[in-house]
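Straight from Swiss-Prot, the features:
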BINDING   Gly8, Arg9, Ser10, Gly11, Ser12, Gly13, Lys14, Thr15  ATP binding site
BINDING   Asp59, Ala60, Arg61, Asn62  GTP binding site
Amino acid sequence: MRLLIISGRSGSGKTTALHLLEDEGYTCIDNLPVDLLPALIEQLSTSDRPSPRVAIGIDARNINNDLSRLMAMIEVGPLPRESYQVIYLDSSREVLLKRYSETRRKHPLSDGLTDLNEAIERERIILEPISNAADVTIDTSQLNLHELRSAIKYLVVGSDREGMAVLFKSFGFKYGLPVDADFVFDVRCLPNPYWDAGLRKLSGLSPEVIAFLNGEEQVEEMYNDILTFMRKWIPRFENNNRSYLTIAIGCTGGFHRSVYMSERLAKALKADYKNVQTRHRQIPDSSAPKHS
């Protein structure tokens, strides 16, 4: 049996996640009262269906808001730890406010005495036990609908089919750190193609920039050091029942060096892991994860 607990703040994409998982063959149950979870797990674990896959949505609308008991209920049940996973979707307060303003939907915790700001904060506190216990946290603040579906498919569905998922994400430090990174490597010390007028408008995906960086000794040293580090430590995470890993590579603008290094490292690790992808945050047409 495969059990996914899907949770997150309203407006962060939980419904989208459940719809995608349903399309992928999961039986989805939204807003299940926590107290009913043990009985459901018991029933499903003894089902005649071969390897049932179930996704359960749990959020702050729950009849019993004491969600701190959720993990204890699962842990004392019949499922081994590797059979279930907690997925938590979140967004920044500013993004949630904007989304509610655009859709003009009412927040589920809003009432005549609670404004939207207070409802969002109250929901964060209620869901804290789940967010703290999450195996996978997806920040959807900068994701559109297509990108969110791609991220869920990569992090959750992809790991079902192909073992551990590894994502290399390039970014520009001037635009902020990726909040979902497990490792961050800074390649700003490497020679910068930006200062070559002929390369400035090209990206790290272009043959000209690749040729420029391939010829630099520092680039080779950085590449080999990161690759050696990842090959040593990724198996340790995998042995600890980790299903995904996000490795962020940053340069100043996120357009040349970080893109080049992410692509090259992903290509090398593809020999060891089937589900290796890249995402280049500062290149708009490559925002969805791509197989290397």
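Please read every residue number as a count from 1 along the shown chain.
From the backbone N, Cα and C atoms, a Cβ is placed for every residue, glycine too.
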CB neighbours of Gly8 (ATP binding site) within 10 A?
27
How far is it from Thr15 (ATP binding site) to Asp59 (GTP binding site), counting Cα to Cα, in Å?
11
Can you grab the distance from Ala60 (GTP binding site) over to Gly8 (ATP binding site)? Cα atoms, rounded to a whole Å.
9
Asp59 (GTP binding site) and Gly8 (ATP binding site), distance between Cα atoms, whole Å:
6
Where Arg9 (ATP binding site) and Asp59 (GTP binding site) are concerned, what is their Cα separation in Å, rounded?
7
Inside 10 Å of the Cβ of Gly11 (ATP binding site), count up the other Cβ atoms and send me the figure.
23
Given the binding-site residues Ser10, Ser12, Lys14, state which is nearest to Arg61 (GTP binding site) when distance is taken between Cα atoms.
Ser10
Hey, how far is Lys14 (ATP binding site) from Asp59 (GTP binding site), Cα to Cα, in Å?
9
What does the structure give for the C-alpha distance between Ser12 (ATP binding site) and Asp59 (GTP binding site)? Integer Å is fine.
11
List the other residues in this chain whose Cβ sits within 8 Å of the Cβ centroid of the ATP site residues Gly8, Arg9, Ser10, Gly11, Ser12, Gly13, Lys14, Thr15, in sequence order.
Asp59, Leu89, Asp90, Ser91, Thr140
Hey, how far is Gly13 (ATP binding site) from Asp59 (GTP binding site), Cα to Cα, in Å?
12
Per DSSP, to which secondary structure element type does Gly8 (ATP binding site) belong, with helix, strand and coil as the options?
strand
